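Pasting a structure below so you can have a look.
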Amino acid sequence: MRKLLLLIAASLLGVGLYAQSAKIKLDAPTTRTTCTNNSFKQFDASFSFNEVELTKVETKGGTFASVSIPGAFPTGEVGSPEVPAVRKLIAVPVGATPVVRVKSFTEQVYSLNQYGSEKLMPHQPSMSKSDDPEKVPFVYNAAAYARKGFVGQELTQVEMLGTMRGVRIAALTINPVQYDVVANQLKVRNNIEIEVSFQGADEVATQRLYDASFSPYFETAYKQLFNRDVYTDHGDLYNTPVRMLVVAGAKFKEALKPWLTWKAQKGFYLDVHYTDEAEVGTTNASIKAFIHKKYNDGLAASAAPVFLALVGDTDVISGEKGKKTKKVTDLYYSAVDGDYFPEMYTFRMSASSPEELTNIIDKVLMYEKATMPDKSYLEKALLIAGADSYWNPKIGQQTIKYAVQYYYNQDHGYTDVYSYPKAPYTGCYSHLNTGVGFANYTAHGSETSWADPSLTATQVKALTNKDKYFLAIGNCCVTAQFDYPQPCFGEVMTRVKEKGAYAYIGSSPNSYWGEDYYWSVGANAVFGVQPTFEGTSMGSYDATFLEDSYNTVNSIMWAGNLAATHAGNIGNITHIGAHYYWEAYHVLGDGSVMPYRAMPKTNTYTLPASLPQNQASYSIQASAGSYVAISKDGVLYGTGVANASGVATVNMTKQITENGNYDVVITRSNYLPVIKQIQAGEPSPYQPVSNLTATTQGQKVTLKWDAPSAKKAEASREVKRIGDGLFVTIEPANDVRANEAKVVLAADNVWGDNTGYQFLLDADHNTFGSVIPATGPLFTGTASSNLYSANFEYLIPANADPVVTTQNIIVTGQGEVVIPGGVYDYCITNPEPASGKMWIAGDGGNQPARYDDFTFEAGKKYTFTMRRAGMGDGTDMEVEDDSPASYTYTVYRDGTKIQEGLTATTFEEDGVAAGNHEYCVEVKYTAGVSPKVCKDVTVEGSNEFAPVQNLTGSAVGQKVTLKWDAPNGTPNPNPNPNPGTTTLSESFENGIPASWKTIDADGDGHGWKPGNAPGIAGYNSNGCVYSESFGLGGIGVLTPDNYLITPALDLPNGGKLTFWVCAQDANYASEHYAVYASSTGNDASNFTNALLEETITAKGVRSPEAIRGRIQGTWRQKTVDLPAGTKYVAFRHFQSTDMFYIDLDEVEIKANGKRADFTETFESSTHGEAPAEWTTIDADGDGQDWLCLSSGQLDWLTAHGGTNVVASFSWNGMALNPDNYLISKDVTGATKVKYYYAVNDGFPGDHYAVMISKTGTNAGDFTVVFEETPNGINKGGARFGLSTEANGAKPQSVWIERTVDLPAGTKYVAFRHYNCSDLNYILLDDIQFTMGGSPTPTDYTYTVYRDGTKIKEGLTETTFEEDGVATGNHEYCVEVKYTAGVSPKVCVNVTINPTQFNPVKNLKAQPDGGDVVLKWEAPSGKRGELLNEDFEGDAIPTGWTALDADGDGNNWDITLNEFTRGERHVLSPLRASNVAISYSSLLQGQEYLPLTPNNFLITPKVEGAKKITYKVGSPGLPQWSHDHYALCISKSGTAAADFEVIFEETMTYTQGGANLTREKDLPAGTKYVAFRHYNCTDVLGIMIDDVVITGEGEGPSYTYTVYRDGTKIQEGLTETTYRDAGMSAQSHEYCVEVKYAAGVSPKVCVDYIPDGVADVTAQKPYTLTVVGKTITVTCQGEAMIYDMNGRRLAAGRNTVVYTAQGGYYAVMVVVDGKSYVEKLAIK
């Protein structure tokens, strides 16, 4: 109905509380309710109360007292004295009658007169929100107030209420208080012990009914039952799929399809029916009968629907008139058992047309799939307690404050909570447009509006919250009355297109003040007092934030209705009743949606790479409690729920029988959905990683995983033909012993004549050159029968014999032999019967078919595959690691490979862009790769960090040079307002570090301790620290005062502390703690002022007395600003008792990067001298400059603060024309400057300016940002200088304050005194700089990537060079790394010409006396390319010379591949891009002028050159194809006269244009090569491209450069040895590179380790232990572990652990610059 806005004084209503109260202490230490010994037969319960509170109230009937007990509710007959009672909802087994036996209690009488209390007030009926308070009578039963003696209910009462989703519900009421109204006395029965037995209970039927009806989606409701623990041991808990019955109007069939498809993908088994089906029908009776039958049939089959979706308005599904409300209700479609408790979650997607239904569905799909472009709106909420002069201060405000205090706050992830507990409400609904995830209004309403503040249906239609859809709850009258003649408020809210809500919870009839209050916060004792979590039952707010529950829109409504049921009374009409509220409240929209609570979490999951066919189930890893579904094309195949270990067994109701892509959807309350596709097919034989996890910290992503199982993935033998005559074998790889190798010979009828191969191995390796000839066949004709057995210990096949016609050969297939690892001679033979020869296979493959002294390494498999090679044959050898670790890991982000070759089971990537990313890890084996295992990661924030600008890249030879401009073109673009560096980060994974301090201030022997999972799990980790207020193992109650103190910190500018905290038990959560900072010491007395102090509250499930530690509380992140100078931080656990543990984890402290603001007072400067630490410039050169003045020296001077100022004069005994600069020190990062100035009031016009410089301190570096000419009295009179006295007059003006904003990039500030003369002075004092971001260039650094791999970080310069880059195209990228994140990468492509710069070979380092001698072999004998030029730049390449010998101004140039010169069309057939060209005619206007070119194009120096190849071309038309050129060489210089012709030609036309490749030998001594264009005129031009010059090795065409520990120590060497004098005693890394004329080779490096060191008599500054094969080095420095080949195996600081194989190792430790080396033998 339409509501009136009532503004009525409280005195006009029945009662009005005011703050006069008293508390009566009872005979119990605490108020507590417990349920124990719970079973299907009985349970025990105890109730104790520690106080009764009396509050004086004024009513229309007089003054009374209200009595309350925490956790109890007001009861009584209307008009009779009101007393509190405790009410619990209990589960009753099938067939049982609950019987209560009181075992014991205490009883005490209290005289209220002693407390000055009035009579207890009469109990009043509930008030509808539609009632006019003026007309509500105050009910007073005079007879009840004349009755003598104690009056009250029986101590215990039980009432059966009905059956709710398979559980019979009863109300257990405890009435602890009786009242003698005449004597004004209370009788309180306390410490009540009872036993509730279930007589006639049928346990089997109870369990059967529960099993048949159970769904995890009803846990929210089950958790409100007092004795719920009897149902927790449910074996099939995670095998129950979600089922939904859908009944829809026939007109919605098409519009409903996308929603049905999604629900099936999500894992809902759908049973969909329409009203045009005969069994459904169109009447209310037929639809209800159909639904009831469906539910009962489903219950009988243990497949009862969880949800009932009604689709359409009342024209297709009418609903019916409520028995209690007399308004339309859908309750009885789902209340199947004949009572008022529903069996299904019911919601109505009310739409009058398919278009309106589509509007609802579109919003639901975006919300559930989380595809909204900006999810940040989910972190915002709107809470409104509407206007009502009486009830708003008694109920409305308390409701909203409860929500904010416990849930809608920063601790729960909300960034903005728009709370309006009372007027004014200005602009409150504007937040719906900007975006909120939740909106709640409680007060008055009408069928089409929230009343005050008013939001009408028309205004809802004008909302603009596109893509920001929310859940709305209206605790008010009639806003969900869906049979109203026009769409009701809730219908409009859900039906509007691209705006409004995806679901609305509201009441169809009038709602009631008290019941709506209970509905929201839970049933509680008294109005007008702020409710507490502990003093209320579970309400809808509490249920919304239950952890690990399937919280849906429907379950929120159920929780509210159960709270109203909880508060209901027995045997009286005090309240409107629970039945009314179950009829009243409805969900419009999709009630099966699980609302997000602020920003949803990211699910941790692992998907199989494929789904094998015909399996009954699949295992999928996901966060515990996740619901996992597999479907295809909208058809659901199977579902499962992830158990506590995070494994979901997806049971398939429809098996996969076809290949294709199948949808996998993972959902969980308050988690982002996972929506993926998996290919169905045969499983991969290659095992993937397991237990992949992904965590984020800022923009850093960390992946961790477990290695594949020890049994290697190549588990079955497989033979694959991969080409004609090419055969590959894959087989198990871990089937040899540690000292063995496997040799495999494979072939596929290579010659097509069934002649195959044999493999002969000589373990003595002494047959090569004799039995095995270096060339030619093994033998011809007949060989000795014992040739093989006498010389070859191992054969493939095992029965191979020396007969050319033998069948004991490998023709097609493979053979193998296992041999001891070691050195062998071998050969692979091939018989040729026609010639009688036993050939040794040719060398056409990648491995010789005969070998002298080949090493077969233990633990490896060698596969020799025979193949045709032209007219001959050959072998390709593939080597596999035969150990279980013969694989590496490859990491992908968003489908792109970002790292490969990993051997560790962890990976970190910093600077990841904000947003959602998919990371995948695959295992790369020798013979194949595993399926990818993937994880979704959400990186918070936005890419707001400025990138570099104007990045360029160039290459000369193999050297790449990058150049760029700083971000935003400024030296300090850091967008982070509070940058800093991490000073401390501790996760307590290895306990409490020794550098931390603990203080047990209460001395009970129980301080902070380390804890580990599973008992005490850390935040996203195993470890944390904890402190106890209750000890297990008989310790009992503790009163802790425990300090946990960080190591010493250096925070001159303060910092920011973040940490995670939680209660170890959510049911004993009230742990009190504080955070302190000390700038002095780390004793308890040094910590005085708390920066943060709070008591943890449970915010999770509540339960009766339980085993402590059973339900860990919710981890909450806290942030604390630390003051400047903080040296220590302390976490103090105190003022707590009888709870359990407080847990602490992930402590991180970041130092503020911001420089402290500072003020220059000039007090440290000297009178008459330039100010200290400032720079002055006397730009006018008159010898008068800025200087310090002291009021102690000049009596006319008054400083602004202190005694000193600075001054500049325009008159100082004489007229001056000043141009004086006063320049600050470096103030990079300053954003403002505030200062004070004064002038002579008599001569006030001294002009000055404030100037800034972004570069240096020269006068020309500064620009004006502010200037002024001061005003004054202009009264003339005395002027004053350094040598004058005031004589009593002080004409100095007052001090004037100015503040000037400084532009970004300001480095220096100057005060310039100029543009004035013959006045007097300007004074400055107290100059204050306000600093912004971090002031130094280390605000950010640059990171350089090549081809996706990070190659350099920490750069501060805007240039980078890399030498020795491999040939080919490369992508270079530069990103800016800020303290708070990284910028997007800016990239450029750079091409390195394919010139081969061969490195040295076989570098070795050996000691010789006190020296280190390096030896190496020269690069490969083929010198390789000395020059390779493709002219792809836009100018003549660097190093080349273009010589215009004829002097006409026309020379060689670079042109594109196709161009037009008038009518002379030129087409370059040489390449697809640029060429070098010289012209023989010149276009001027419309005519060509002839040229007579004599142009030289000269290469860089190419000493040692032997051969040149190039491409030469002429235009594509015959009449202009006769240009002449010559190839010339010089053995001296680059003048034209230095060159001699070695080849020349006149071009001739060929079809399509000339495209000629020339290859010419170059004479010995060639230094330069030139292309000379001459002896032609008036043709067009000559084009040259792709010039390659190679050398053979003579001549000094390269030199060697030697590096020690990264530093160049010698260059220009031509010998292949180098002696490093005096360096043999310490370990070093030596590298040698080859420097060619056009570039350098890659470095080749070796680690030198001395044989030993002198005995050290002093104690070694490290410890070295070997346990088994694990080497552990601990030191206060660096440690490195090497093998005897000098390869570094492990390195690190402080502690290095390495698991070795058998053999010898060297350990080097460097402490304080001194090296120590030890050798180890590992058996």
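Note: Cβ is positioned from N, Cα and C throughout, glycine not excepted.
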In Swiss-Prot, Asp1444, Asp1446, Asp1448, Asn1450 are given as binding Ca(2+) 6, so which of Asn1389, Asn1398, Asn1402, Asn1495 is in that site too?
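Looking at Asn1389, Asn1398, Asn1402, Asn1495, the one Swiss-Prot places in the Ca(2+) 6 site next to Asp1444, Asp1446, Asp1448, Asn1450 is Asn1495.
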Which candidate from Asp297, Asp313, Asp315, Asp663 does Swiss-Prot annotate alongside Phe482, Glu491 at the Ca(2+) 1 binding site?
Asp313
Taking Asp1318, Asp1325, Asp1585, Asp1605 as the options, which does Swiss-Prot list with Asp1430, Glu1432, Ser1480 at the Ca(2+) 5 site?
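Site partner of Asp1430, Glu1432, Ser1480 for Ca(2+) 5, according to Swiss-Prot: Asp1585.
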With Asp1000, Asp1002, Asp1004, His1006 listed by Swiss-Prot as binding Ca(2+) 4, identify the candidate in Asn1020, Asn1022, Asn1042 belonging to that site.
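For Ca(2+) 4, Swiss-Prot names Asp1000, Asp1002, Asp1004, His1006; of Asn1020, Asn1022, Asn1042, the listed one is Asn1042.
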Any idea what DSSP makes of Glu491 (Ca(2+) 1 binding site), helix, strand or coil?
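Its secondary structure by DSSP: helix.
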How many Å separate the Cα atoms of Phe341 (Ca(2+) 2 binding site) and Asp1446 (Ca(2+) 6 binding site)?
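Their Cα atoms are separated by 106 Å.
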Using an 8 Å cut-off from the Cβ centroid of Ser987, Glu989, Ser1021, Gly1023, Asp1145, Glu1146, can you name the remaining same-chain residues around the Ca(2+) 3 site, in sequence order?
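Here the non-site neighbours turn out to be Glu986, Phe988, Gly1018, Tyr1019, Asn1020, Asn1022, Cys1024.
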Among the recorded positions His444, His1006, point out the residue whose Cβ has the most other Cβ atoms within 10 Å, with all shown protein chains included in the count.
His444
To the nearest whole angstrom, what is the C-alpha distance linking His444 (active site, proton donor) and Cys477 (active site, nucleophile)?
6
What is the one among the binding-site residues Glu343, Asp1002, Asp1004, Asp1444 whose Cβ has the most other Cβ atoms less than or equal to 10 Å away?
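Top count of Cβ atoms within 10 Å goes to Glu343.
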What number of additional C-beta atoms lies within 10 angstroms of the C-beta atom of Asp1430 (Ca(2+) 5 binding site)?
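Around Asp1430 (Ca(2+) 5 binding site), other Cβ atoms within 10 Å: 20.
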Among the binding-site residues listed here (Asp313, Glu491, Gly1023, Asn1042, Glu1432), identify the one with the smallest other-Cβ count within 10 Å.
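Counting other Cβ atoms within 10 Å of each of the binding-site residues Asp313, Glu491, Gly1023, Asn1042, Glu1432, the minimum falls on Glu1432.
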Three states by DSSP: which one describes Ser1021 (Ca(2+) 3 binding site)?
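Ser1021 (Ca(2+) 3 binding site) sits in a strand per DSSP.
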Measuring CA to CA, name the entry from the binding-site residues Asp313, Asp339, Phe482, Asn1042 that ends up nearest Ser987 (Ca(2+) 3 binding site).
Asn1042
How long is the line from the C-alpha of Asp313 (Ca(2+) 1 binding site) to the C-alpha of Asp1002 (Ca(2+) 4 binding site), rounded to the nearest angstrom?
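On Cα coordinates alone, these residues lie 67 Å apart.
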Determine, from DSSP, whether Asn1042 (Ca(2+) 4 binding site) sits in helix, strand or coil.
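In the DSSP reduction, Asn1042 (Ca(2+) 4 binding site) maps to strand.
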State the three-class DSSP label for Asp1448 (Ca(2+) 6 binding site), counting H, G and I as helix, E and B as strand, and everything else as coil.
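SS state of Asp1448 (Ca(2+) 6 binding site) = coil.
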Quick check for the class: what is the C-alpha distance, in angstrom and rounded, between Asn1450 (Ca(2+) 6 binding site) and Ser1480 (Ca(2+) 5 binding site)?
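Here the two Cα atoms lie 9 Å apart.
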What is the set of residues, excluding Asp1000, Asp1002, Asp1004, His1006, Asn1042, whose C-beta falls within 8 angstroms of the centroid of the C-beta atoms at the Ca(2+) 4 site?
Ala1001, Gly1003, Gly1005, Gly1007, Ser1027, Leu1038, Pro1040, Asp1041
Give me the non-local Cβ neighbours of Asp339 (Ca(2+) 2 binding site): same chain, 6+ apart in sequence, Cβ-Cβ under 8 Å, ordered along the sequence.
Leu161, Gly162, Thr163
